[in-house]
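Here the structure is laid out as structure tokens; the discussion comes afterwards.
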Amino acid sequence: MSMHVPCGTTHATKLPVCILTSIASKRYKRPWPKDVGFPFFSGNLSSLTKLGLSEIASPFLGSHQSPQMEAQMGVSIPEGEKYSRELDVAVRVVQMACCICQRVQESLIQSSNGLIKSKEDDSPVTVADWSVQATVSWVLAECFGSRNASIVAEEDVQTLSKAEAAGLLESVVNTVNECLSEAPVFGLAGPKKPLGTQEILEAIGRCNSNGGPKGRHWVLDPVDGTLGFVRGDQYAIALAMIEDGEVVLGVLGCPNYPMKKEWLNYHHRYYRFMSKLSPPTAESWDKGCVIYAQRGSQKAWMQPLIHDGKKVVGPNSVREIRVSSIDEPALATFCEPVEKANSSHSFTAGLAHSVGLRKQPLRVYSMVKYAAIARGDAEIFMKFARAGYKEKIWDHAAGVLIIQEAGGVVTDAGGRPLDFSKGIYLEGLDRGIIACSGVILHEKIIKAVYDSWDSSNL
């Protein structure tokens, strides 16, 4: 049972451990080292001193005391860090969510055993989707108050509430409680006692906001790219905050996305086999990262995940990321969705040819595509949905902001900014979405769309 500590502070002395229920309902622990602090804590620096680290590198998560502590000390928060507490909590809870997903994915690869369900559109949903949604919802409500936590999220609670889903619900309850028991390790408040089934269902069901042009709304995709998740491939946990219709914070957790760029060479050898993009071992490419940004900062940041206690990652590993400087189409790499169900590969292939793109497309599940552009692994993302498909805000909000703050450009195919103020859908979207590392490439893609647009291609 966890000690209840204020959000944004910590007394933790070991690396994060989320003990999850496996497919066979076995409980297990990883061999985490003791007496080591979590790398971006802003409160107690004693554990960082043990690592020989004198300061925390992240400008949002540690160059100052947490906003709550600042208020207690009578220190005002600079205007440029208006959302520093919200971003602090968001990054911490996404780190927790990545921990959940890594363990569940390991189990799913071994055996699905009824822990995968299909939604009405036949897309898969897993114990991780609901566990992440419940965990994030509970943490946001604890930190900001349930009345102030308007959350727009992908999963509803109906499937999980049915009698035939009793086994799945039990796994979700166990997973959430095991993870929340370690919340203080992430600098977040844990529950005084394990949450009951009804409390967890309420946390999931609380994520029923429709967003809109007024007020503050959190936007969550608990597991973006669930198909990639169940296949052992790329996926993302995406959390954004919208205020008065504008995305102001964005956090992407990418548990299988390597920190190191060596994976790009690997990709060009095996691009037809997406599962080969994931490195064989976590440490081989520093597998897993969290990327985040705040509107107006003109910066985006990346920090690593921690794996099995094999490597202690300190704050010095947090680094600023920028988009690629490549503006020549022949040298550029473009991303597109893996699945053809809601995206026209034929149209994007035609555009790529007309613009002069020569490299094979980087087909990646989830918002990892946005991460690839933000950190300079690719230069272009194009998505043109098939007729009848409507883009949802949780599939784009966090990634769009991160690319913009990293120096890139994201618009619809008409060159207009994406509108996140109309509810759960990106209403008024002109044909498709185009994200580029810079203005020159973006203008060339927009021109190519106008020159070659034919709705029959979609």
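These residue numbers are counts, starting from 1, taken along the chain as shown.
Cβ atoms here come from the backbone N, Cα and C positions, even for glycine.
Please treat TrEMBL annotations as automatic predictions, because they have not gone through curation.
Here is what TrEMBL records for this protein:
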BINDING   E154, D221, D224, D395  Mg(2+) binding site
Taking only same-chain residues 6+ apart in sequence, whose CB is under 8 Å from that of E154 (Mg(2+) binding site), what do you get?
D129, Q133, L220, D221, P222, K392, W394
Env. residues of Mg(2+) site, Cβ within 8 Å of mean position of E154, D221, D224, D395 Cβ:
L220, P222, V223, A238, S366, M367, K392, W394
Helix, strand or coil for D395 (Mg(2+) binding site)? Use DSSP.
helix
In the structure shown, which of the binding-site residues D221, D224 has the fewest other Cβ atoms within 10 Å?
D224
For D395 (Mg(2+) binding site), which residues in the same chain are close in space, meaning a Cβ under 8 Å from its Cβ, but six or more apart along the sequence?
D221, D224, A238, M367
